[in-house]
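Here's what Swiss-Prot has on this protein:
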type     : residues                                                    : note
BINDING  : 15, 75                                                      : substrate binding site
ACT_SITE : 96                                                          : active site, proton donor/acceptor
BINDING  : 134, 178-179, 198, 203, 220, 239-240, 267-270, 279, 298-301 : NAD(+) binding site
ACT_SITE : 270                                                         : active site, proton donor/acceptor
BINDING  : 323, 327                                                    : Mg(2+) binding site
């Protein structure tokens, strides 16, 4: 199979969808790998590195898209790429379709067979391709939150860990999944007072046991959430419903009662965001004001640390890439139910029930295209 990797086009997206190790394994198995020249530069992977591993360097994105049977990306296609989508091609990438009717329509209109990293799901409910980026985003959320709490950045002027005689920052994390756990872990390590809210008691129990009570846990009710948000210096939203739009848990009316200069970091922005006032931002302009608070809603947070996130992502994706390349999408999905969970579109049919519900688009059972 011919596998193509174009340069990422999203704002300040420095990751790349394959490493030289992945190229070497694909070519060892007899596959061709086409990589757009310069695709790895943001992750400090040179064209020479890719070429030495067996890749063929291609001058333009158009050529990669046109020639590849299996196209690997990190982030969803942007509007400028919609015209490159085509029938008969497999697209394997993060998609987050519930938050983008335009991208969904482009995939359906083109007939592309698309598989979303974020909805590949093992029988135990784990999300193996989303997890590494959730780890990165969670850890970054505490860091960028601490940075934007500085008065020079528009925040409250609070130091995360405080100093002797002065209290630390009050950090509230909504969601105790992979991203929320990692955000809480880093915030706790920085010396902040951390409270995590979730409706999953088992996750709260795990946090309590691991951190010996140093991280406070609360069952997430409207009452507890309101009280926690009002007193917080930093709120990190880390709520996930796999494949679906994130629920809006923090209203603008609640934000109006927060401390002036409080910071809200919305990790869930890829799925529409879990704060009512959230809208996607970029690294060029990462924040905006809502009432007297500061919202940070960068939709590709792990892109800022590509030397970490490219390798973390490709370590997880490569086993699935090899299955797709070796066997084709249909046979790979038949033999691997986790991969089949990621099926999103095929020949104009929408195969994700949650996306169909959120966007009001007809749903087709994935089993019907796997038969």
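The backbone N, Cα and C atoms fix where each Cβ goes, and this holds for glycine too.
Distribution of Swiss-Prot features across the structure.
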residue : record                             : Cβ within 10 Å
15      : substrate binding site             : 28
75      : substrate binding site             : 21
96      : active site, proton donor/acceptor : 23
134     : NAD(+) binding site                : 22
239     : NAD(+) binding site                : 26
270     : active site, proton donor/acceptor : 27
279     : NAD(+) binding site                : 14
300     : NAD(+) binding site                : 25
323     : Mg(2+) binding site                : 17
327     : Mg(2+) binding site                : 15
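Of all the recorded positions in the record (15, 75, 96, 270, 327), the one with the smallest CA separation from residue 279 (NAD(+) binding site) is 270.
Around residue 198 (NAD(+) binding site), the C-beta neighbours below 8 angstroms that are at least 6 residues distant in the chain are 174, 175, 176, 177, 180, 204, 217, 219, 220. Residue 268 (NAD(+) binding site): 29 other CB atoms within 10 A of its CB, across all protein chains. Residue 300 (NAD(+) binding site) sits 8 Å from residue 75 (substrate binding site), taking the CA atoms of both as reference points. For the recorded site, residue 198 (NAD(+) binding site), the DSSP three-state label reads strand. Among the binding-site residues 75, 134, 327, the ones whose Cα is located within 10 Å of the Cα of residue 96 (active site, proton donor/acceptor) are 75.
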